[in-house]
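Undergrad: Pasting in a structure now, in structure tokens, and then I'll have a few things to ask.
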Amino acid sequence: MTTLSILIPIALFLGGLGLASFLWALRSGQYEDLDGAAERILIDDEDDRPATS
Amino acid sequence: MSCCAPVAEGALAAAERPVVSAEELRLASRSLGGGVMQVELAVPDVHCGGCIHAVESTLSKLDGVLSARVNLSTRRVTIKYREGKLPPIVESLVSIGYPPHLFEEEGTKDAVLSELLWATGVAGFAAGNIMLLSVSVWSGAEAATRDLFHWISALIAIPALFYAGRIFFRSAWNAVLHGRTNMDVPISIGVILAYALSLYETIHSGPHAYFDGAVSLLFFLLIGRTLDHVMRNRARVAVTSLARLAPRGATVLHPDGSRDYVPLNEIEPGMVIAVAVGERIPVDGVVMEGSTDIDCSMATGESAPQPAQPGSDIRAGMLNLTHPITMKATAAAKDSFLAEMVRLMEAAESSRAAYRRLADRVSALYAPVVHLTALLTFIGWMIWSGGDWHLSITIAIAVLIITCPCALGLAVPMVQVVAARRLFEHGIMAKDGSAMERLANIDTAVFDKTGTLTVGEARLANAGEIDAEALAIAAALGARSNHPLSRAIAAAAPANTKPVQLAGITEQPGFGVEAKIGSSVYRLGRASWALSDDAAEGTVLARDGQLLASFRFENRLRQDAAEALEALRKRGIEVEIMSGDTRAQVEAIATKLGVTRYHAGVLPGEKAVRMAELAAEGRKVLMVGDGLNDAPALAAAYVSMAPATAADVGRNAADFVFLHESMNAVPFAHRVARRSGQLIRQNFGIAVVYNLIAVPIAILGYVTPLVAAVAMSGSSVIVVANALRLLRLGGGQKRSAAATARRASHKLQEVM
């Protein structure tokens, strides 16, 4: 039981971390242009920040 | 330096491209505050990383531009610039081969999508963690440990149920309020009961809790719903990005001689408007000065350009071809021809029978059966166990949980998502899933002629019968005019013709072109003018009033039109042509395509009436049309399709919009729709078989959370896998295969 009381919070925290980073990525517009993101890595002098609009 | 500008994907390239004027750009810009303006433009020719780079670097070098960002998915560019002087954005985009255009403003960001994504994220998080705990319970966690796990699961499931589930609850509640049922009603009942039972069990230290099943069900369904929304949104964005054909405003000449660019809705009757060559007439009016030729194909369906002199009535949506004119507005935009079409459309839409989606019809059958089964199970167990409430309710709810239509909820959207993707790849935008269901059921297809079966440019039909020397002279004269028929003659001349020396060339708008060779006067144009004989008709070449050659024209058929109509007929679909053009023109095209049923000279209102007639005969009609005059019929038809070159209102009224020139889009869309109909029925079959197996187990009381989880996810996976079979449907357009290959080679060039 003692191991559980450590492991469960850790598991929940890591899951929450995943959820939070997904929601952050969503908010910062990283899913706005998936096709463009795939192409932009081929451009040499490119900044890859999401558009701020 | 644009690597792919010559790749003209879609029919847009063939159509006239309204280049955005500085005034229109200013109207479309909005202020971000602090002296910064932002404008968004559609750039349909952007295809790859090279294009992104070309557009962004060219624009950012312009004086006054703060930033330019291309979105490749939507083919748009967002430009921020300093207020004051407008940088030459449009000019520089045109010069590097990416002509931009404005698109319909569609409000702010997509709130529904972000709500769905957030809900999916939350449900995914909850499902993952609860499943983790459930695995421990299934593998034998006992007593206090199990209770602890159940409690933690319950705590995670509460927010997930309220946050992610509200999307279903809301839709179910709406349906119930209106006395209908949809798939969300049994889903909501199943989820809520599963949750309530599990909570009860948890409080009383019971062995079984279904939190995992309830939450993963929500997660799966939300994934399906999100994909569905994304697909539809993509189609909608693609359609709104198409070039607007209706003008945004017009240049008004004030009595004091000044001119002003005025937005369309501020134009009042009596205002004097200047219309340049290549512009559309903004509102209904009368020509005041200048003679020209007017292309009415979009407004009335007539393919031959009509002359217009001072005093001629002209209507909104017509295109000025050869000479600038000034006109006097006789109606405001809201009373113009276009507005009349919108009113006809609204009337047609309201009289059209509402279509009930397949999933809703199935759930109307499904829900009572399932809920009745659960009730009978409860009564049966009450009798059998001698009044054991707890046991009976537990088993009855287990029946509801196991029959909860997870597979059914996914059966329709998954297939439609895959189908919409298939269509998208072939340049066909489907507005929604119900359109696809309706397309699969059609038994009649009605085609408009001008702009749909035929494409804009006319072609010389009798080039072979004309004397070579006369043709050479006609071609030389024709090359000096913007009139489409002159262009066709110029294009028909053989390449090796020796040049003709012309002198004193003048164009008489509405009549033709005149020039001198030596001492003879040659005229190419209307017979009545060239031969000075009012009775003569047609287009001729004359020397000093003597007939040299007369020309006949035909409209070029849309690519693969004959093939497409044949494919439809082979499937037992009756094909009909309905056009506003003259009888002779319609007859010629109908004969060529082997269509026996055709109607000529049909007015816009009559088109919609004909749709209603066919519907009254019990026919399910697909209407394919492009003009303003087709818009009411598109709205009235059972299902409708429009090419990308269609008038704005027509495009918005149509259920499908196809971007490529090939007419094969119609049979292809029909084939995909029919195939997805089959797959949907198969999916329903799978769900029924699954229930036939699972329900007896549940009724007998053998269902544990493990069995429920395995059965639910198993059936969902089978349904999704079945939907993916649609990707293997072969065929489609050869053209787009070539386009894919071209794209691939661009990518390769980029890399190397």
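Here the Cβ of each residue, glycine as well, is placed from N, Cα and C on the backbone.
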Undergrad: Of the ranges B:181-203, B:641-663, which one does TrEMBL list as transmembrane segment?
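TA: TrEMBL lists transmembrane segment for residues B:181-203.
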Undergrad: With the transmembrane segment (B:181-203) as the reference, which stretch in B:148-169, B:209-227, B:365-384, B:390-412, B:709-727 has the largest tally of C-beta pairs below 8 Å?
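TA: Highest pair count goes to B:390-412.
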Undergrad: Based on Cβ pairs under 8 Å, which of the stretches B:209-227, B:365-384, B:684-703 lies most in contact with the transmembrane segment (B:390-412)?
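TA: Answer is B:684-703, with the largest number of Cβ pairs below 8 Å.
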Undergrad: Using Cβ atoms and a strict cutoff of less than 8 Å, what residues sit near the transmembrane segment (B:684-703) while being 6 or more residues removed from its termini?
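TA: Same-chain contacts beyond the ends: 362, 373, 377, 380-381, 391, 395, 398-399, 401-403, 405, 407-408, 411, 711, 714-715, 718-719, 722.
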Undergrad: In the domain 'HMA' (B:37-101), how many residues does DSSP put in helix, strand and coil?
TA: 20 helix, 21 strand, 24 coil
Undergrad: Mind checking which residues reach the transmembrane segment (B:148-169)? Cβ under 8 Å, same chain, six or more beyond either end.
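TA: For the transmembrane segment (B:148-169), the nonlocal Cβ contacts are 115-116, 118-120, 122-123, 125-127, 129-130, 133-134, 136-137, 141, 184, 187-188, 191-192, 195, 198-199, 201-202, 209, 211-212, 214-215, 218-219, 221-222, 225.
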